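What follows is a short report on a single structure.
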Amino acid sequence: MRVLPHVVMLLGFLGGLRYGGASGLLELSLGKFRNVLLNQTNPVEAVIRNIASNVTVVIFQVHAQQSNVVISFDKNPSVNSSGIGVDKGLVSILRPQQTVCTWYLRSLDASQVLSTAISIPYMEKDPIPGGCNLEFDLEVDPNIYLDYTLADIHIKFAPANLGYTRGANPPSCDSGTGQNSRWRLHYDVYQYFLPENDLSEMVLMSHIRKMSEVQSIKVNGIKMLTLTADDKTNVYFSSLPGQGVIYNVIVWDPLWNTSAAYIPVHTYACSFTDLVDNCSSLSKLSTKVFFTALAVVGLFTCFFGHRFWKTDLFFMGFIFAAFFFFVFITRVTGLGYDVRLILTAVAGIIGGLLLAASWWRFGSVLLCMFIIGLVLGFLFSSTVFFTPLGDYRVFRDDVVFWVTFSCVALMIPVLFVGCPRILNILASGIVGSYAVVLAIACYVYTSLAYITLDLLRRVLNDYFSRAYTNVPFQTNDFIILSVWAMLALSGVTVQLRRERSEVPFPPHPYLTWKRERERRSTNVLDPSHHIPPLRERIHNKLLHIKEFFQKEQPAGERTPLLL
């Protein structure tokens, strides 16, 4: 049923499409989007006519999904008069009596590129985005520059300047820091999420319009933070591979209460052109196998963890050992991802077996429940910092973050120290069902996977603390959250009802075996006391098997003759 909205969007999009034909002319109106097909050979001339006299600045911008576009003031672009990228714009400072503006567009690809363009006017009291640029090539640069890694996204932009009338000299950028200078300006950074699991060009083109003008940005975007002139004009966000995100900045002049928007920039934090691990297939096969197997064991543990106590111990020990081993091997080695994941699985199996074996040998409920409680505590603490609380500035400090995180995590085993059975059932139900969520995330995007992934990023990356970790929460996430809650609630309820009349934990297996052995050796009335030794029993079994294969004796007299 999702096809119908896309068809309607396509018809509306194509209705406004303009081609760079033989004439290569694109007539624009201020504040109106126009869709255009660009090619490499024929530049498109974009023209705006009849500009009002009260307009002092026009910002022209063009957007494409994945192919770079060249935008310039001249037919033959130069470094100082053009920009190249998927989201680029230019500022035209109008001269007195000027009523026409012209720009030139073309693509860098040999094939045609679908794009959308808009020109936005500003008045003399509106601040000028990028008006105090000292870092980039353009004299006035309204663009936001974005780069990403697997862990974070980095955006940076040039400081703005105060607005001024046509024909006047621009205000000095470094003459002072008072209220009559550009230092009074504030910068509001906004974030906007595209629909999940949708990588189509039509969706991007329709949604990027919502992040281009000041009022529309305020209505549709999420305000993440405000920067002053004293702050550096760069911000970090957590990377969300496969999820489309649009960023923009509104510069605000508190004296005149006027605002202007920079050029919006978008990213999917992945490549459309890579043959492996592209935007359409982000999860590796090894990741799918690992988490699918974990989900199978987790689902079993969710409903039967307390009854099958040693399986529950193996599952929790696997998670505990695998997490810390993966962190260790990533930190100290340069091995490839698949190799690290295989070694992590082996380490997790060993850790799970050791925890189960420790119960058999020592029978310490306290030790086992501390590990289980710690696993649940880590998940609970990660969930707390997954909320907007995690983006508070105080938690940018690693010491504050890790002390708070550890206290919240340790709170779980401490609170349930008097009722270990309840703790074990809660842990097996909640952690086991979350393993299913992680497996789903390997096939369908869901933000719930970042509950633990952001924690792993913070452990592995020294500078991840500076990133804002806001994520989208859309239809898929609500559905998967409901599945998680339903599984956890069902698993806990089933186990509580089934185990309410049972002993809290099985008896210590080693002591039970030891007492049984002593009883057999001292109680001659016990039939088990007369069981032959193991060597004799094996010998008797072999004789029995040998008789089974012996050839049958011929019929006849079997008793000796009586003399």
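Indices start at 1 and increase along the chain as displayed.
Cβ from N, Cα, C; glycine included.
Keep in mind that TrEMBL annotations are predicted by a computer and have not been checked by a curator.
The following features are taken from TrEMBL:
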type     : residues : note
DOMAIN   : 292-496  : domain 'TM7S3/TM198-like'
SIGNAL   : 1-24     : signal peptide
TRANSMEM : 289-306  : transmembrane segment
TRANSMEM : 313-333  : transmembrane segment
TRANSMEM : 339-360  : transmembrane segment
TRANSMEM : 367-387  : transmembrane segment
TRANSMEM : 399-419  : transmembrane segment
TRANSMEM : 431-453  : transmembrane segment
TRANSMEM : 478-496  : transmembrane segment
Across the whole of the domain 'TM7S3/TM198-like' (292-496), what does the mean pLDDT come to? Round it, please.
92
Lying 6 or more residues past either end of the transmembrane segment (431-453) yet within Cβ distance under 8 Å of it, the residues of that chain are 196-197, 238, 240, 242-243, 283, 287-288, 291-292, 294-295, 297-303, 305, 315-316, 319, 375-376, 379, 382-383, 386, 469, 471-473, 476-477, 480-481, 483-484, 487-488, 491
Tertiary contacts of the transmembrane segment (367-387) (same chain, 6+ residues out, Cβ under 8 Å)
312-313, 316-317, 319-320, 323, 355, 358-359, 395, 401, 405-406, 408-413, 416-417, 420, 423-424, 426-428, 430-431, 434, 450-452, 454-455, 469
Spell out yes or no: are there three or more C-beta pairs under 8 angstroms between the transmembrane segment (478-496) and the transmembrane segment (313-333), with each pair 6 or more apart in sequence?
no
Would you say the transmembrane segment (313-333) and the transmembrane segment (339-360) are in contact under the rule of three or more C-beta pairs closer than 8 Å, pairs 6 or more apart in sequence?
yes
